[in-house]
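Participant: Pulled from TrEMBL, these are the listed features:
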TRANSMEM  25-45  transmembrane segment
TRANSMEM  65-83  transmembrane segment
TRANSMEM  104-121  transmembrane segment
TRANSMEM  127-147  transmembrane segment
TRANSMEM  198-220  transmembrane segment
TRANSMEM  232-256  transmembrane segment
TRANSMEM  268-287  transmembrane segment
TRANSMEM  299-316  transmembrane segment
TRANSMEM  322-340  transmembrane segment
């Protein structure tokens, strides 16, 4: 009985022909659908937990059904992000545009993922402060760009397995939260080690113990083998200039803010930083794929610098809030414009439709 085979040879052969997606479905459409699910989760949680206090004791909690929806959609988005490349190879439609589109949207998804997860613990006595979450967001952002910085210099993209584990874990935690309630996360995980501390430790540990060592190791190997694309240290680290300056300027704004802007509008501030970061990362991805030099600085940092300068001189609270919302809107529109134009240029160059498998000359 132990060795009985329930599936016949004919059925096994049939599995070889089974495909999840139809052949007419464009890979980029799968990629974009997954991204939209991530954005939807972000907006849904923003509605029920706008200021990250919903999980704190004494506040109205996020409904259980929301956690279930977010958990399911997060897993579906992760799955779609993993199968778009397989669909491209299956339909023989792999293009540089597809790779750029995939990684470009991933760079923007970083802020959506992190900020949505924050609502599990939130802020308050049992949660994580908005400044700590800001620092954790930067750990995730730098971990992401480090992989693409590595490819910019070595030609090899290392995608850490920690990403897969984190996405599955996050989806599971969302569902568990719906079952046990956010109150369960108030209790210590081990001795006096709280779940919020576990959350923080996992993000930092994955970055310091997996992403950073592997990227530096691969960079060093390429250096020893004399296969680095850039000979000088300056040229090698150019892609990190804009992200580092973004971190300095945004942190300076937080520290100099007369109205404590991060406490006042944490979600908008995170989104502003994440969008500016995504734009710089997309420019790096374009350069690494085209084997061209990465821009030294991103022009989006100019208005940010001016805003930080004005804030440091002293402004009213409502003026600072207006500046934040205006800057966030400008960054968002600029990044969308950049993405749309790049997609159109590459689509024209390769003579393809970005969301269809049909060729322009086949109409």
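Including glycine, each Cβ sits where the backbone N, Cα and C put it.
Nobody curates TrEMBL annotations by hand; they come from automatic prediction.
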Participant: Residues of the same chain, at least six outside the transmembrane segment (65-83), with any C-beta under 8 angstroms of its C-beta?
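Facilitator: Same-chain contacts beyond the ends: 20-21, 30-31, 33-35, 37-38, 40-41, 44-45, 48, 102, 106, 116, 164, 167-168, 170-175, 177-178.
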Participant: What residues in the same chain, six or more past the boundaries of the transmembrane segment (127-147), come closer than 8 Å to it by Cβ-Cβ distance?
Facilitator: 52, 55-56, 106-107, 110-111, 113-115, 118, 121, 157-160, 196, 199-200, 203-204, 206-207, 211-212, 215, 239-240, 243, 247, 254, 262-263, 266, 269-270, 273-274, 277, 280-281, 284
